[in-house]
């Protein structure tokens, strides 16, 4: 079968080649020539209309038609762009919820992490607060113990004072006088020293006064002698 198909195809090709050789023109060339003829005739028709319009004053109408033809593709392009823009805007809101979902999913772990982080510092703060309270309790207990020791020490002192008072009461008046004298010597010595200084000053002043008196007596005697 394959051999038959190949043979038939070769025969058909040979027939086509023979026809092309006889005509001298390929079908592609024929189509191209026909298209060029149509375009040339169309252009000639347009040029003729333009010439007639110029003669009759229909040129503005032709220009308006040409502008309308030019504006129509532009309007179509704008509409296409607007359609594409709306499609993109619709796609953007459609995709935004999807983007929000991962963001929410990302926020959830972050919130969990924050919760864990807050719980850990809170536990640490609680532990530190307990240690501080224990330290304060120990410090509070230490002053109380000191206060307890203070009255305990004061009690023996107070107990010693009445004993000393009783001993002092038991002593004789002579001992009291001796104690008062022993306490007073500094003042007495100061008074005695002041008295001695005053006496010395008086003794020094007396010779000076006597010398002055003697001089006063000698002066009248000398005056009498001179007289």
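Just so it is clear, glycine is given a Cβ too, placed from its N, Cα and C backbone atoms.
Swiss-Prot has this to say about the protein:
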type	residues	note
REGION	1-227	region 'Disordered'
LIPID	3	S-palmitoyl cysteine
LIPID	4	S-palmitoyl cysteine
COMPBIAS	9-32	compositional bias 'Basic and acidic residues'
DOMAIN	31-60	domain 'IQ'
MOD_RES	41	phosphoserine
COMPBIAS	54-84	compositional bias 'Basic and acidic residues'
COMPBIAS	85-97	compositional bias 'Low complexity'
MOD_RES	86	phosphoserine
MOD_RES	96	phosphoserine
COMPBIAS	98-127	compositional bias 'Basic and acidic residues'
COMPBIAS	128-139	compositional bias 'Low complexity'
MOD_RES	138	phosphothreonine
MOD_RES	142	phosphoserine
MOD_RES	144	phosphoserine
MOD_RES	145	phosphoserine
COMPBIAS	146-158	compositional bias 'Basic and acidic residues'
COMPBIAS	159-193	compositional bias 'Low complexity'
MOD_RES	172	phosphothreonine
MOD_RES	192	phosphoserine
MOD_RES	193	phosphoserine
COMPBIAS	202-215	compositional bias 'Basic and acidic residues'
COMPBIAS	216-227	compositional bias 'Acidic residues'
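When the alpha carbons of residue 193 (phosphoserine) and residue 41 (phosphoserine) are compared, the span between them is 161 angstrom. Residues belonging to the domain 'IQ' (31-60) score a mean pLDDT of 80 in the model. If you draw a 10 Å sphere around the CB of residue 41 (phosphoserine), it holds 10 other CB atoms from the protein chains shown. For residue 193 (phosphoserine), the count of additional Cβ atoms within 10 Å of its Cβ stands at 10 [all protein chains shown].
Sorting each residue of the compositional bias 'Basic and acidic residues' (202-215) by its DSSP state yields 14 helix, 0 strand, 0 coil.
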